[in-house]
Amino acid sequence: MSKQFDVLVIGAGPGGYIAAIRAGQLGLNVACCEGNPYDDPKGEARLGGTCLNVGCIPSKALLASSEEFENVQHHLGDHGITVGDVKVDVAKMLKRKDDIVGKMTKGIEFLFRKNKVTLLKGYGKFVGKSAEGFQVDVAGEVVTAKQVIIATGSKARHLPGIKVDNDLVSDNEGALKFPAVPKKLGVIGAGVIGLELGSVWRRLGSDVTVLEALPAFLGAADEGVAKEAQKQLTKQGLKFSLGVNVNEVTTGKNGVTVKYTDKDGKAQTLEVDRLIVSVGRVPNTDNLGLDAVGLAADQRGFIEVDDHCATKVPGLWAIGDVVRGPMLAHKAEDEGVAVAERIAGQKPHIDYNCVPWVIYTFPEIAWVGKTEAQLKAEGREYKAGQFPFMANGRALGMGHADGFVKMLADAKTDEILGVHIVAANASDLIAEAVVAMEFKAASEDIGRVCHPHPSMSEVMREAALAVDKRQLNM
């Protein structure tokens, strides 16, 4: 007789492992299967998904290391500190990154044991459905579950005609383990991954050129934020070419040649040592056997779900990158918790308008809610308040005075509709805005909250006060 569970989670990325842990906390008999070994030396399945193994966590480790190098080289002098010759040990830097990843994967294994989650090593594939539940093959063993949560995540999108070998031409995985700093680096795609990885290698010494098909930089972000971010990144040495069309990519003994047409229609050639292709991601739904349970992905590979992440098949759920909405780890985590609680009979709710976005360049870029362009398109009247970090004592003392906070509020009710930040610690500052918006706060609420002084968080308060043109320190 096959193993039987109340809940089976397919995929142990941020959405999947969090869903499994929450289901375990709620007293459900839960299992989670994962088959991807990533770079495990023994070839065994590793927990954490793309985010932990080849995405969010390792990239932030390298971003931190490269920021330290940048600071020593270019900013310690401002503090009266003189250093000698500074060198980069890429191998040691990569080992630090790998050690962090290993520590966190072991942490998830511990959390599974703590919450009585059964770990099944192997890819999950539906093979049928019976009165007992859904039947899923995991590494040759068929298990049965009354409820199944699909959390298989996504993979890098590859462009037709461009062979990604993760050597000379890399996606996000290969770009995290260059054995040496490339002299010249090309990046196709000025999205989150392209900007972050381009920043890492630029700080370490690469001459980085970013090619972007769209005519505008960071089109999803607030226009003012995008302009400020592009200005700061350009000042740091990143080169941008927007509105381009990549025609051909070839590799040879001297590196990579990219032929493209620029925004003016002129043919251009870019010669680089390595190339990163970061043009989005596609859902991992290819080999799930969805037809065996009466389900199918759409033309783009996404699984259709309702507002509660339920599919059209009762008892079958899907979360994270395989469903609608932004491909963000924290969005997947929230969906995982919500689905586990709904299976247990609770009635959770996710406000997708309050899901924050962060790009971990320097300065960081973060936002939540609506942009000015979106509010104008909706015909909604709003007020805007903006305050710069250059007027903040803590930011000046830290040498992080670039950027600003912009707050948008309803013209009549004063409800906060969006907050947009360019700042050294925007990823931390945005959390206050998320909490405020979850509780339908007004800009006046933030303006009347006492913020610690001196701190960069004061700029959030000043931006709130600026909504009614009553900022105090400008």
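Residue 1 is the first one shown; counting continues down the chain.
Cβ coordinates are placed from backbone N, Cα and C, and glycine is handled just like the others.
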Residue in GLU212, GLU228, GLU304 which Swiss-Prot records at the NAD(+) site where GLY189, ALA190, GLY191, VAL192, ILE193, VAL246, SER278, VAL279, GLY280, ARG281 also bind: GLU212
Partner cysteine of CYS51 (disulphide bond, per Swiss-Prot) from CYS33, CYS56: CYS56
Between HIS453 (active site, proton acceptor) and GLY189 (NAD(+) binding site): CA-CA distance (Å): 40
Site extent for NAD(+), whole Å (max Cα pair distance, GLY189, ALA190, GLY191, VAL192, ILE193, GLU212, VAL246, SER278, VAL279, GLY280, ARG281): 19
Same-chain residues at least 6 apart in sequence whose Cβ lies under 8 Å from PRO37 (FAD binding site): GLY43, GLU44, ALA45, ARG46
Distance from ASP40 (FAD binding site) back to ARG281 (NAD(+) binding site), taken between C-alpha atoms, in Å: 23
Rounded Cα-Cα span from VAL246 (NAD(+) binding site) to HIS453 (active site, proton acceptor), Å: 49
